[in-house]
Amino acid sequence: GAPGVPGGEAPAAAPAEVRLSRRRWAMVLLFSSYSLCNAFQWIQYGSINNIFVRFYEVDALAIDWLSMSYMLAYIPLLFPVAWLLDKRGLRLIALAGSALNALGSWVKLGSLKPHLFPVTVLGQVICSIAQVFILGMPSRIASVWFGSHEVSTACSVAVFGNQLGIALGFLIPPVLVPNVEDVEKLAYHISIMFFMTAGVATALFILVIIVFKQKPPHPPSRAQALIQSRPTEEYSYTQSILRLLRNVNFLLLMVTYGLNTGCFYALSTLLNRMVIHHYPGEEVNAGRIGLTIVLSGMVGALISGIWLDRTKTYKQTTLVVYIMSFMGMIAYTFTLNLGHLWVVFVTAGMLGFFMTGYLPLGFELAAELTYPESEGTSSGLLNVSAQIFGIAFTIGQGQIIDHFGTKAGNLLLCSFLFLGTVMTAFIKADLRRQQANLDNEQTVSKHPFNPCCAPAQDNTQPL
């Protein structure tokens, strides 16, 4: 919870009233929108990799690095940003994320000549810093604003925006920037894409200034009320990270989440290269295959969020989805070179449904395993793991594709997904957040006069 909550020092006799705020859906949709814009900027170069290679006269790896800069920036910056999220709360993080996202999109407009590649790199680096203020937020927004029966759905809606941004990043660039010979014409087409992005990013930043609030007037769930009634001094950020790193189930989840999401990052970054290798001249269809992966994944993510709210079967759902991601990756690997684009569409769609459907599952399982630690910290650590594996897989798979072809590169990802599936089976379903909501309801029914503090000591781990 956010320290400095009024009432932190008050006697624990009167617990906060639990009530839902009308504004909660506006908050999550606005977050989703600027997250979308930022994710679009992540993949907008990779989805037409070959065109930017020609325009800036650099090699394919240099353009891959424009996508990988997002992963690289995240690793050192996560901890300061997660600390800020804890100390200053949601509003400051939202302002910083949407401001940097808009700034980066304007800088890119200064890179419309072939020799200005460093300027486009600078713009992308600013956007990649913005992403650090965005990626760890979904589960935090969900728990601060939403009731316990809708928190997983809200988390998937928040993740959804990012996925939709990646989808548009596959779909729009090949349409706006056709592969024309004339460099002047190419610069004109690229400028249209950059201008549209900058306009949208700026409008969203203004909306965040006007609409985005720190937290609702009342806590939305008993688990949140407990966190908010904790005295500030009890909470130490460093201690929190150390406790997370001693939590065996969470560590297993961190590695398995990293393997799955790292595979997804590598696949997205290298997709244009893989498809064009087997289907020359099909830039627009390569973008559509990327779109299919992400759209089916968004459906997967929403379904898994709603399913979790209904069933609360965190561990079982995560394992099933992981196994299906592995099967999907195998299907994609062995059908890519068959010469039928429609088959690639089908297998890529199946792969995306499970691989992207896994993202909110990982966040929500982490929030359960680590309650009452801050969700910003737990999902941040998951993301760091994903970025590290993402960079390793993107570079490794890119090198393997160059030397041994696409099948060998994809088999590398298959082997890591298999490893992740086995490790997921060993995670114990220690659902602490759910237990806090249950304990609290029982305490309330036993002692209606003092429902607040009885269960608090059961849920915190000993320091």
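A Cβ is built for glycine as well, from the same backbone N, Cα and C atoms used for every other residue.
A TrEMBL annotation is a machine prediction, not a hand-curated record.
Per TrEMBL, transmembrane segment is recorded for 25-45, 65-85, 92-109, 115-136, 157-176, 188-212, 248-267, 287-307, 319-335, 341-361, 381-401, 407-427. Marked as domain 'Major facilitator superfamily (MFS) profile' by TrEMBL: 27-432.
Each of 92-109, 115-136, 248-267, 319-335, 341-361 was scored by its Cβ pairs under 8 Å to the transmembrane segment (65-85), and the highest score goes to 115-136.
Contact between the transmembrane segment (248-267) and the transmembrane segment (92-109) is not supported: fewer than 3 Cβ pairs lie under 8 Å, counting only residues 6 or more apart in sequence.
For the transmembrane segment (115-136), the partner stretch with the most Cβ pairs below 8 Å, chosen from 25-45, 188-212, 319-335, 341-361, 381-401, is 25-45. When Cβ-Cβ distances below 8 Å are used as the criterion, the transmembrane segment (92-109) is approached by residues 31, 34, 37-38, 41, 81, 84-85, 119-120, 122-134, 137, 191, 194-195, 197-198, 201-202, 204-205, 208-209, 212 of the same chain, each at least six residues removed from its ends. Proximity of distant same-chain residues to the transmembrane segment (381-401), defined by a Cβ-Cβ separation under 8 Å and at least 6 residues beyond the stretch ends, is recorded for 60-61, 64, 67-68, 70-72, 74-75, 78, 135-136, 241, 244, 250, 253-255, 257-259, 261-266, 269-270, 273-274, 277, 362-363, 366, 408-410, 412-413, 416. When each of 25-45, 157-176, 287-307, 319-335, 407-427 is checked for Cβ pairs under 8 Å to the transmembrane segment (341-361), 287-307 comes out on top. Here the transmembrane segment (157-176) has long-range neighbours at 28-29, 31-48, 134-135, 137-139, 141-142, 189, 192-193, 196, 268, 271, 283-284, 286-291, 293-295, 297-298, 301-302, 305, 356, 359-360, 363, meaning same-chain residues at least 6 beyond its ends whose C-beta is under 8 angstroms from one of its own.
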